[in-house]
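Database features, via Swiss-Prot:
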BINDING   13-19, 41-43, Arg306, 332-334, 415-417  GTP binding site
BINDING   Asp14, Gly41  Mg(2+) binding site
BINDING   Asp14, Glu15, Gly16, Lys17, Asn39, Ala40, Gly41, His42, Thr130, Arg144, Gln225, Thr240, Arg304  IMP binding site
ACT_SITE  Asp14  active site, proton acceptor
ACT_SITE  His42  active site, proton donor
BINDING   Ala300, Thr301, Thr302, Gly303, Arg304, Arg305, Arg306  substrate binding site
Amino acid sequence: MGNNVVVLGTQWGDEGKGKIVDLLTERAKYVVRYQGGHNAGHTLVINGEKTVLHLIPSGILRENVTSIIGNGVVLSPAALMKEMKGLEDRGIPVRERLLLSEACPLILDYHVALDNAREKARGAKAIGTTGRGIGPAYEDKVARRGLRVGDLFDKATFAVKLKEVMEYHNFQLVNFYKVEAVDYQKVLDDVMAIADILTSMVVDVSDLLDQARKRGDFVMFEGAQGTLLDIDHGTYPYVTSSNTTAGGVATGSGLGPRYVDYVLGIIKAYSTRVGAGPFPTELFDDTGEFLCKQGNEYGATTGRRRRTGWLDSVAVRRAVQINSLSGFCLTKLDVLDGLEEVKICVAYRMPDGREVTTTPLAADDWEGIEPIYETMPGWSESTFGVKDRSGLPQAALNYIKRIEELTGVPIDIISTGPDRTETMILRDPFDA
């Protein structure tokens, strides 16, 4: 039996993690976010009602679940308050269900200003960030000048630290990027107005998780973005600024690494990517447009149209290696309904003619890669909302089996629609 279950994306994000976390938290006591920030966009559909979460864990809608934001998350006070208000307006008692690590770095206005100034300065070489200050906040953390939630307990000292760090960043904004400085007093006033709310939710997350482990409580760790956007293992530099992989669970929450019992990789039945960066199987034809429209592939956070393409088993195998995946959850299978044929990338042809079955590590090495496809028959029958494996067309079952063969990982859950009920659980991670 697995008490500590990790749910993470195996591609470039947007795989459908939020729905699966929400579904599996029916048995969980805690749900923990351990990396990223409000650049995530987790969409939940429950009884036809849609909820989009960016910062708060997807367990927040469950009455008996405590949601935790761990130290690996960069926290925007403004974004958190906005999200809390939206949920509280719907009658969800967020403050009774949400806890924070005091070690969470804060995202403040100057981080957002830096993020946008840098993207503008890069011009055609822009990374395609969400412009929400995620990267600059992580930079401050690593440089040991960042302000954290715990600093809000001493407001006078916080004000001094804030002034020092803002002088540093405003110098860059004005003299290098040639944009306006961020107003110190406004930033201070905005944070002080909600400081007591934030500190009232602080808890020692590592100790809480250790006590939960000793009691045998079920804990779900919710990843954001996807493996191929990991700062170390992704398509660098077109990556996010955190460790999106299973290794980030221990460092981003304080759970001992030996205590992760099961890692569930969410894999979309095709591939998508937002923003710039390598994408070998990207489609620019009618099929790519079909996938975009059928899958409603527009970012929950930015609203940007996602790039679409065939499933890339080479890239997914890298995710299998890095995360030591226990099983897959296959999502958006229904989006492929109606296609005469479906393709899976099984290898890459390099510019020098070599065929390889592993992904390059450097972004420049992705240049000129051609995907080598295996083509399979599609299916005309609808898989939307199917809740039993026996109700799937044979061609869809063959597609599922081939994914398992190419990756060496079993598909334990199949999602056939956005609602939490439109799911087949073949093996429950908490029982694995």
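Including glycine, each Cβ sits where the backbone N, Cα and C put it.
Looking at Arg304 (IMP binding site) and His42 (active site, proton donor), their Cα atoms lie 15 Å from each other. Comparing C-alpha positions, Thr416 (GTP binding site) sits nearest to His42 among the recorded positions Gly41, His42, Arg306. The binding-site residues close to Gly13 (GTP binding site), defined as a CA atom within 10 A of its CA, are Gln225 out of Asn39, Gln225, Gly303. Take the CB of Gln225 (IMP binding site) and look out to 10 A: across all protein chains shown you find 28 other CB atoms.
Each residue contributes its Cα atom, and for Arg305 (substrate binding site) and Gly41 (Mg(2+) binding site) those atoms are 14 Å apart.
Of all Cβ atoms in the protein chains displayed, 20 besides its own lie within 10 Å of the Cβ of Gly16 (GTP binding site). Taking Cα separation as the measure, Leu333 (GTP binding site) is nearest to Asp14 of the binding-site residues Asp14, Gly41, Thr130, Arg306.
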